[in-house]
Amino acid sequence: MEEQPGPDLTATSAGSGQQPESAFTPGLSARVELTVTDSDTAQAVGSGDVPVLGTPRVLALAEAATVAATATRMPSGMTTVGLRVELDHRAPTPVGRTVTAQARLAKVDGRRLLFEVTVTDGATTVAEGRVERALVDRHRFVERATGSA
């Protein structure tokens, strides 16, 4: 199998004079909520055969929180893309419960943003881990991904 190159981490924010990553500082955070429905279960998403919140949906919620944490400071023409995930899914959540994902920007390393994420159901920790995202030029990334560059 041919190794695919990683995201383009060399783009700059047009006309700003500053590096795009300077908009982000550790401590940025956001929360997103999800009320679990039948379509969120492991049975529905194909990750198991039990009627509880599936791990892929937990991960998607955690990633949504990371995106929300950077949304208000995102430089024009830029976006973030996922690079790496470490997630421990610790407790089941039945249909009807509401879970909250919180992401906190823990570290900025050039264009790499490392978030600590926690998903809770009330006082219960459903999942926790880390999500690493890269800041990229949206247009160049899409061109490269679709082979139109």
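Using the three backbone atoms N, Cα and C, a Cβ is placed for every residue, glycine included.
What TrEMBL says about this one:
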- T55: active site (ACT_SITE)
- E63: active site (ACT_SITE)
- H89: active site (ACT_SITE)
- G82, R133: substrate binding site (BINDING)
- G82: CoA binding site (BINDING)
- 10-22: compositional bias 'Polar residues' (COMPBIAS)
- 36-138: domain 'Fluoroacetyl-CoA-specific thioesterase-like' (DOMAIN)
- 1-27: region 'Disordered' (REGION)
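Features recorded in TrEMBL, as mapped to the structure shown.
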residue	record	Cβ contacts under 8 Å, 6 or more apart
T55	active site	A42, S47, G48, L87, H89, A127
E63	active site	G82, V85, V131
R133	substrate binding site	T66, T70, T80, V81, G82, L83, R112, L113, F115
Have a look around H89 (active site) and count the other CB atoms within 10 A of its CB, chains all included.
18
Taken over the domain 'Fluoroacetyl-CoA-specific thioesterase-like' (36-138), the model's mean pLDDT:
98
